[in-house]
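Structure, as structure tokens:
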Amino acid sequence: MAKKLKKNEEITKKFGDERRKALDDALKNIEKDFGKGAVMRLGERAEQKVQVMSSGSLALDIALGAGGYPKGRIIEIYGPESSGKTTVALHAVAQAQKEGGIAAFIDAEHALDPAYAAALGVNIDELLLSQPDSGEQGLEIAGKLIDSGAVDLVVVDSVAALVPRAEIDGDIGDSHVGLQARMMSQAMRKLSASINKTKTIAIFINQLREKVGVMFGNPETTPGGRALKFYASVRLDVRGTTQIKGTGDQKDSSIGKETKIKVVKNKVAPPFKVAEVEIMYGEGISRTGELVKIASDLDIIQKAGAWFSYNGEKIGQGSENAKRYLADHPELFDEIDRKVRVKFGLLEESEEESAMVVASEEIDDLALDLDNGIEIED
């Protein structure tokens, strides 16, 4: 019996060696024909963690789970009219430029407001802008920019406005069934590999349509077929909720709106998280507003009554004054922002911060011992 088992092991080992040799030969032939790196073991890749770029909104970075938009992936932002889709995309453009990258904006709707983009922090002198005559032209331009490897972010606004050339050349009323869907499907097949290879972030803004005759379920759908839904690694549903009223002389005027951004699809982190932001008219997402709210919930900023304080120092009475204080003190804003990101695991804690946390815990333990009447030895 023992001899039989030993013989079986020898056969298995010999067969395994032959398979390994055959695999090595196949890999060598593939590298010879298609170049080094055409096939590799997953663990051999230099970067296994997904690289991200901040969305420009702290709340959205937290909802995305990875700390921002994944590089080399396709993002779809959709929602009703005037919900803030372009605003969310422009914040990503501003963030890409802030990090030293180059951004391009394919304005198929021919509706980009340069003054509003500048107010959101976009450097309009450095922004690459294209207003294509047809959908094919817009997607071709986006493809060439991505293939160059020199562009970090490409925004297409919007998929619904990417009109096929045949539809433009035809008459109003002509039927063009599935033409746009086929165009988008072909574009996704061509662009997806290049986007991943060049680590470009491609954001597609989309509108909403309603399916006719739907009795049960959600009648809403996005134009452009199903291809974008499949190829997108992240899909964001942007919807405005309640109006934000002003104070003082503007108490009867609407100065912004509360907006919910739901992550309905996420291939790099758990989906279905919701980011609640304030979009102020003419200013975009209130970064100080979301920081005050999130930091207060984490007790990084302490709230006592109407007063907000940080590290024992009062920063404002009421949220509006606290927001204004942080806007006037960018160093403090960055410090609190970093602490929040570390808390959610979006950034690694530095050695100095770890030492400060340990010291703070020791002080708290000492204070607790004194309160309990315990003698502290010298």
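Just so it is clear, glycine is given a Cβ too, placed from its N, Cα and C backbone atoms.
Quantities reported herein were computed from a predicted structural model and do not represent experimental measurements.
Per Swiss-Prot, the feature ATP binding site maps to Gly79, Pro80, Glu81, Ser82, Ser83, Gly84, Lys85, Thr86; the stated evidence is sequence analysis.
Locations of recorded Swiss-Prot features on the structure.
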{"residue": "Gly79", "record": "ATP binding site", "Cβ contacts under 8 Å, 6 or more apart": "Lys85, Leu208, Asp237, Val238, Arg239"}
{"residue": "Pro80", "record": "ATP binding site", "Cβ contacts under 8 Å, 6 or more apart": "Leu208, Arg239, Gly240"}
{"residue": "Glu81", "record": "ATP binding site", "Cβ contacts under 8 Å, 6 or more apart": "Gln207"}
{"residue": "Ser82", "record": "ATP binding site", "Cβ contacts under 8 Å, 6 or more apart": "Gly240"}
{"residue": "Ser83", "record": "ATP binding site", "Cβ contacts under 8 Å, 6 or more apart": "Val238, Arg239, Gly240, Thr259"}
{"residue": "Gly84", "record": "ATP binding site", "Cβ contacts under 8 Å, 6 or more apart": "Val238, Gly240, Lys257, Thr259, Ile279"}
{"residue": "Thr86", "record": "ATP binding site", "Cβ contacts under 8 Å, 6 or more apart": "Leu112, Asp157, Ile205"}
- What are the other residues, in sequence order, whose C-beta lies within 8 angstroms of the center of the C-beta atoms of Gly79, Pro80, Glu81, Ser82, Ser83, Gly84, Lys85, Thr86 at the ATP site? Val238, Arg239, Gly240
- Query: Three states by DSSP: which one describes Pro80 (ATP binding site)?
  - Reply: coil
